[in-house]
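Engineer: For reference, the structure I am asking about is given below.
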Amino acid sequence: MPTLGHALLEALHAHGAGEIFGIPGDFVLPFFKTIEDSGILPFHTLSHEPAVGFAADAAARFRASISAAVVTWGAGAFNLVNPIAGAYAERSPVVVISGAPGVGERLAGWQIHHMSRAMDTQARVFREITCDQAILDDPVRAPAEIARVLRSAREYSLPVYIELPRDLVGAEVDPVEVLSRRPADPDALGECAEEILARLRVAQRPVVMVDVETRRYGVEDKVAALARALGLPVVTTFMGRGLLSAHPDVVRGTYLGAAGDPAVTALVEDSDGLLLLGVILSDTNFAVSERRIDMRRTMLALSREVRVGHHSYAAIPLDELLDALLARLPAPGAAGTAPPAARPSTLLADDAPLRPSDIAAAVNDLFTRHGPMPMAADMGDCLFTGMEIANAPLVAPGYYAGMGFGVPAGLGAAVATGARPLILVGDGAFQMTGFELGNCRRYGWDPIVIVFNNTSWEMLRVFQPESRFNDLDDWRFAELAGPLGGDGVRVRTRRELAEALARAHTTRGRFQLIEAMLPRGGTSDTLARFVAGFKAARERK
Ligand SMILES: Cc1ncc(Cc2csc(CCOP(=O)(O)OP(=O)(O)O)c2C)c(N)n1
Ligand SMILES: [Mg+2]
């Protein structure tokens with residue numbers, strides 16, 4: 001019989017995890033020893049638990065599967081709360097595994113170190129930001145608990161919480177089985193598919209909109225096939241930027257309401273048959289709409305539910321819905337209906353001072369020349385600038401909007417994809433988690449990192465220009481790269497940026513930090529339109 005530690009690792013692997021991120025502590029040392037000695041999953045330690053959570057979240061998104069964050073009890077696990085709250089908001093199935101006091105210790109009656117209020121306080125906190133939980137305090141029940149929780153993570157694409165007492169890691173247990181997923185009721189699925197197709201057929205201007213769940217459930221190819229079979233255009237949400245990047249023949253662009261391409265905005269807001277696949281109805285996706293979207297003519301598939309107008313179908317997995325729709329259609333045509341994507345902006349490499357949108361143009365040139373890189377963006381103008389980069393795989397906190405995501409997410413991307421990532425991050429967010437780059441040398445990661453250094457919390461200044469607290473100091477990040485194991489360069493003009501990006505691209509084996517100096521008060525074109533749209537929408541209320 002395997003030990004509980006082994007069985008848990010084997011179960012993570014069997015359920016699709018490809019790696020573990022973590023930081024040890026005395027309550028999780030036995031499990032870390034099992035992780036290291038067993039070699040069942042590669043694992044990477046980072047420097048602060050928020051980064052562990054962000055990296056695991058990004059790996060889960062790129063892998064379209066679960067990923068694991070392993071931490072010690074109390075001080076470690078509570079550091080994970082914010083990234084796991086963000087993973088919940090953006091439907092990313094991170095498996096949180098926290099070491100914990102041994103079963104025997106709990107009965108000793110001491111106030112145990114790392115404990116906040118009570119022995120179950122931590123589990124109660126994580127119950128709010130995970131879809132299922134297990135306290136593995138009984139070796140007999142533990143395998144079934146693990147199987148149930150890991151199936152929940154995969155079915156709902158949401159984080160789950162496992163608490164592992166340190167004195168049970170070596171306990172003998174039965175192996176963990178992989179529970180079969182719960183299928184849709186065939187009649188309900190058929191009725192739902194037929195109703196959707198009927199509505200799409202009578203619509204004059206049907207459109208498909210995709211968001212994060214189409215990546216989480218690995219159905220981007222099926223969505224593209226559906227669009228081709230029905231001859232429908234596809235748009236992504238703000239959060240869904242980068243989706244269907246392998247299918248440029250069906251993707252018309254990203255819906256940003258008043259802040260976006262007017263043709264895409266009209267496509268969505270004039271539609272009389274909007275099929276929303278995996279779309280989170282968030283303010284960042286819809287609040288800058290110029291006109292309210294007619295929800296009576298909208299079909300929304302999200303969280304294993306399908307809402308059609310004002311009625312809904314329960315327990316309909318997104319992939320099964322797509323299979324049911326495709327089964328009722330002729331084989332998809334060879335190509336979709338999207339006109340060739342507009343040529344992405346290119347950079348005029350002259351001595352003009354840099355603006356954020358120049359960075360997008362420089363990255364477009366790099367991708368055109370050498371192919372796209374997996375991207376991770378933090379919250380800030382770097383994310384809005386990312387909307388001006390050609391549609392390439394992107395992870396970003398587009399809805400939860402928490403800072404600190406970018407650099408750790410880029411490290412998670414490197415692990416999950418095996419490819420060299422491009423990271424876009426503002427100076428304020430870099431101050432939070434940028435120093436995690438110091439872990440690259442140990443693992444051979446060599447991301448290209450573009451720091452948008454405007455010495456400012458510029459996104460806040462745009463909303464409240466009079467506040468001086470948005471002024472940040474100049475930390476001279478490029479000079480910090482060397483000691484951390486990378487190369488850094490500060491650039492101020494478009495020519496310097498182009499040269500630095502070309503040099504970074506040819507330099508492998510060390511992270512490359514390009515510190516792009518930007519003026520305070522200047523933003524990307526997209527952010528400027530987004531803020532104007534937000535303010536206009538607020539005035540309309
Ligand atoms: C964890 C967390 N704490 C505070 C905030 C609130 C915020 C949203 S945007 C922003 C400024 C970001 O500054 P940065 O220099 O990174 O980027 P830029 O605006 O382009 O200059 C703050 C402080 C958020 N979203 N998350
Ligand atoms: Mg800034």
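Every residue, even glycine, has its Cβ placed from backbone N, Cα and C.
Annotations per TrEMBL:
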- 3-113: domain 'Thiamine pyrophosphate enzyme N-terminal TPP-binding' (DOMAIN)
- 194-287: domain 'Thiamine pyrophosphate enzyme central' (DOMAIN)
- 395-515: domain 'Thiamine pyrophosphate enzyme TPP-binding' (DOMAIN)
- D427, N454: Mg(2+) binding site (BINDING)
Engineer: Does anything in the same chain, at least 6 positions from D427 (Mg(2+) binding site), have a Cβ under 8 Å from its Cβ, and if so what?
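Structural biologist: Sequence-distant Cβ neighbours: V451, F452, N453, N454, T455, S456, L472, W475, F477.
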Engineer: The domain 'Thiamine pyrophosphate enzyme central' (194-287): mean pLDDT?
Structural biologist: 94
Engineer: Just to be sure I understand, if DSSP states are collapsed into helix, strand and coil, how many residues of the domain 'Thiamine pyrophosphate enzyme central' (194-287) fall in each?
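Structural biologist: Grouping H, G, I as helix and E, B as strand yields 39 helix, 17 strand, 38 coil.
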Engineer: With every protein chain in view, what's the tally of Cβ atoms within 10 Å of the Cβ of N454 (Mg(2+) binding site), excluding that atom itself?
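Structural biologist: Step by step: centre on the Cβ of N454 (Mg(2+) binding site), count other Cβ atoms within 10 Å, giving 27.
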Engineer: Would you list the DSSP helix, strand and coil counts for the residues of the domain 'Thiamine pyrophosphate enzyme N-terminal TPP-binding' (3-113)?
Structural biologist: 55 helix, 19 strand, 37 coil
